[in-house]
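*Asks:* Pulled from TrEMBL, these are the listed features:
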REGION    60-145  region 'Disordered'
COMPBIAS  89-105  compositional bias 'Basic and acidic residues'
COMPBIAS  136-145  compositional bias 'Polar residues'
DOMAIN    180-373  domain 'Sulfotransferase'
ACT_SITE  Lys188  active site, for sulfotransferase activity
BINDING   Arg285, Ser293  3'-phosphoadenylyl sulfate binding site
Amino acid sequence: MLEATPKPSPARAPRLRSHRGWPLRRSLLVATIALAGYAWTRHSSVSAVIARNSQPPLQQLSLQQPGSHSGYAHTAAEEMAERASAGGSDEKQESAAGKKYEDVTRTAGAAGGSSSSAPTAGAGGAVGGKAKPREQQQAQGQHSYVPSPFEDALRACSSLSCIREAHKQPKHPGQFNFPHFYLLGFPKCATTSLFHHLIQHPQVMAPIVKEPDFFTNLCKDSAAACDPHEQELYINTTLHRNIALSARMHMAVFEGSTHYSLAGDWLAPQLKELMPWVKLVLSIREPISRAISMLQHNLDHQRFPKCYDRERRLIFKCIKANLEDSSVRYAPRLKAWVENFPGEQLHIMQYEDLTGSGMKTALRDLKRFIGIDPKLPSASPDDLGLHNARRDNYTEGWPMTLQEYRVLVALAREDTGDALSMVARHGVAAASRWQQAWERGWQNNLQRCTQSKQEGDDDALCMIPAS
Ligand SMILES: Nc1ncnc2c1ncn2[C@@H]1O[C@H](COP(=O)(O)OS(=O)(=O)O)[C@@H](OP(=O)(O)O)[C@H]1O
């Protein structure tokens, strides 16, 4: 049997999943250190969003909110200088952050400031450490920011049920919910690439790690009754509530844990109860190829399941077991999500569309669904990028008999047929096109396999690619 657990991301930060077996305190220490670095990077996003969304000139605003990290009172100019001397570790994030700093600096300059001389300003108008009377500010056309009742309520929260109540308070126009969306899965359906694409967007904020697995690891029985300390950590450390508040809720906060998609039976109703506003993003890949990707993940990590014939590189038994496993089959896993959330809150993509010629449209549709600018991030808005690819690339394919491949196709067809008609019934996706595309792929493989087979040689192996 294949493990449903996908491989650890090769991305810069380790997934929390890999912390399993570590003492909790050590995991938290690592997460805190990582968060410190991440918060600095995200700080630039906050500044850019504030600059973009604020009426008053940037240098008159304070990013510091009561209870937030004091570092957020820095000006864009200070950030620039400190960031430049600090150096960086992740090329992509650095360049994205650099662009955001440029945005901030330009905005400050356009507003009459200069990147080198912009003074530090507080929400109360404290420039250079001295407070200005409100009348003086008003006379100069300056005004302080008044948080929405939603922000005030959210700031006081340390539990998920408190956050649910906070959402009953009015928001300012353009403010995002908290969290705004989840990247649910499915495993091996390009979720790591999606995560990295989205976190480059100036209107998006995510945890430093993909797959925090909060609900599935820490709050399995009841998310609402989850350990209060864990809830608080999730809100503050994983979801960065204070940074989101510093950005005046103009950033879409999300997290991406692919195990959530598989846990819909209990998690979907709980999330619906706790976060009825939340948007959910899923991607679906042709099941045989997804199963091969999962197996390859294990092989890449020197894990050789019993079903795998290592000597002859035969994978049929493993793939068959995976396709029969209801804990990873699409139809049973999707059911609870589709039944608990309305179509407007679910965005389901086809992996092959997303990673192929439909990439540009798929990415823009996704960003429209989230409610962020579909043309950003500006460096490569329409390029998903490639993360978490299999290490060993058996381009010649995997050996199996025609009969075996037929068995796999029948299992895959049944699952995708059930899943897609269910989502179509709920108005979630126009899915018949996806099934047709997968069907074409299966037929091509069957045809190639039939042609390569000698007459009467039923045991002949053909090579099946994981596309
Ligand atoms: N842009 C693009 N084009 C083509 N393929 C892509 C792309 N981005 C991700 N991928 C493939 O998606 C697979 C990894 O999916 P995930 O990141 O969701 O895996 S995981 O569950 O988080 O471990 C993994 O598939 P395999 O290589 O077949 O294993 C990646 O190669």
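The backbone N, Cα and C atoms fix where each Cβ goes, glycine too.
How buried are the listed features, and what sits near them?
*Replies:* For Arg285 (3'-phosphoadenylyl sulfate binding site), the count of additional Cβ atoms within 10 Å of its Cβ stands at 25 [all protein chains shown].
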*Asks:* By a simple count, how many Cβ atoms lie within 10 Å of the Cβ of Ser293 (3'-phosphoadenylyl sulfate binding site), its own Cβ left out?
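*Replies:* Cβ-Cβ neighbours of Ser293 (3'-phosphoadenylyl sulfate binding site) within 10 Å number 23.
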*Asks:* What does the structure give for the C-alpha distance between Ser293 (3'-phosphoadenylyl sulfate binding site) and Lys188 (active site, for sulfotransferase activity)? Integer Å is fine.
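*Replies:* Cα-Cα distance, Ser293 (3'-phosphoadenylyl sulfate binding site) to Lys188 (active site, for sulfotransferase activity): 7 Å.
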*Asks:* Take the Cβ of Lys188 (active site, for sulfotransferase activity) and count every other Cβ within 10 Å, whichever protein chain it belongs to.
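*Replies:* The answer is 27 other Cβ atoms.
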